[in-house]
Amino acid sequence: MPRKTTIRISSNALASNLRTIKNYANKSKVWSVIKSNAYGHTIKAALKGLKETSGFAVLELNEAVLLRENGWNGPILLLEGFFEESDLLEICQYKITTVIHNDWQLNYIKQYDIKSPIDVYLKLNSGMNRLGFNEKDFIRTWYDLSNLKKISSLTLMSHFSLGFSTKTVNKQMNIIRKIFKILNPTLCLANSTAIIFHTYTHKDWIRPGIILYGILPKENKKISKKFNLKPVMTLESRIISIQNIKSKEYIGYGKNYYSNKSNLIGIVSCGYADGYPFSVPFSGTPVFVNGTRTQIIGSVCMDMLTIDLNDCPNAKIGSKVELWGNNISINEISKLANTTSYELMCRISSRVLVKIE
């Protein structure tokens, strides 16, 4: 019998979030970003919940092939492009749109005998300073590619480094506008934060990532109420032991939690080997048990953690414990753990059960 530590993935929540995004950016097509196994939610869940997307954006070629093998016939974007010249065979075979962000990729394209023309997203480094061509080299490369019969279409792609900052976005947009006046390209610019905070960046295509999964990239009560995004992932486990602890006792490894009163505690079968963050405080991190919000006490262990049951009189062996989801925000946990919700979702262990609903 497997351990009960489980992530539940709501395909209905995924579909709802996509509808919300499409309604908000209703003049743009949508690349649903499902890199890193759909931010830990699984490609299978993405296919089920995001059927109405315009296309899927992935990182690795094997994710793109998996989409095709599971029946997706629409557009697929390879966000970092190809890594080897040999990758171009599958890009052509599976009709995948590739990013080009560097001269070495450009040279591979020129050298490779491409039988069927491919779609290319040319990456502009407008200020992120990670991937892409600078302004001058971008224009040169654009003209270079546009003269190749093996290229069927070109799109300008860029990425905002601080999507909620008007100053930063405008600085990058000024560079993009200069190039737009020269080339008049199709544009793909806005990531999740820019989609929400800067509607003028929406253009032809948008690339929502974290917001598809019900998480705002920056906490904002007004925005949260406006969008009403639904959490897609719930991490839950079960109580496997209940202990009555006398006053003036330590709980768990390292004597990190001292109780000066009698305590009813529950041992939950989830730990850092499952992906729950070890770095949360020794008290105060919320969990949800039988309709009651309570807290973790003591250190998170490899396979278990301890919770306070003093205010949960109905808790028993086998009671469900929500660690994040509809009742406990993953953003709240990530702040307490001094990390991000992105990291928490992506680092769920392979030993955790996945249930797609």
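Each residue, glycine too, has its Cβ placed from N, Cα and C.
Annotation note: Lys35 (active site, proton acceptor) sits in a helical segment as assigned by DSSP. Per Swiss-Prot, the feature active site, proton acceptor maps to Lys35 (among others); the stated evidence is sequence analysis.
The active site, proton acceptor annotation in Swiss-Prot covers Tyr253 (among others). Counting only same-chain residues six or more apart in sequence, the Cβ atoms lying under 8 angstroms from the Cβ of Tyr253 (active site, proton acceptor) belong to Gly298, Ser299, Cys301. Reduced to three states, the DSSP call for Tyr253 (active site, proton acceptor) is helix.
If you look up Swiss-Prot, you'll see Arg130, Met302 marked as substrate binding site, on the strength of sequence analysis. Arg130 (substrate binding site) falls outside any helix or strand according to DSSP and counts as coil. Around the Cβ of Arg130 (substrate binding site), 10 further Cβ atoms fall within 10 Å across all displayed protein chains.
Around Lys35 (active site, proton acceptor), the C-beta neighbours below 8 angstroms that are at least 6 residues distant in the chain are Ala57, Val58, Leu59, Glu60, Glu63, Leu79, Gly209. Under the heading N6-(pyridoxal phosphate)lysine, Swiss-Prot lists Lys35.
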Packing count at Met302 (substrate binding site) (other Cβ atoms within 10 Å of its Cβ): 11
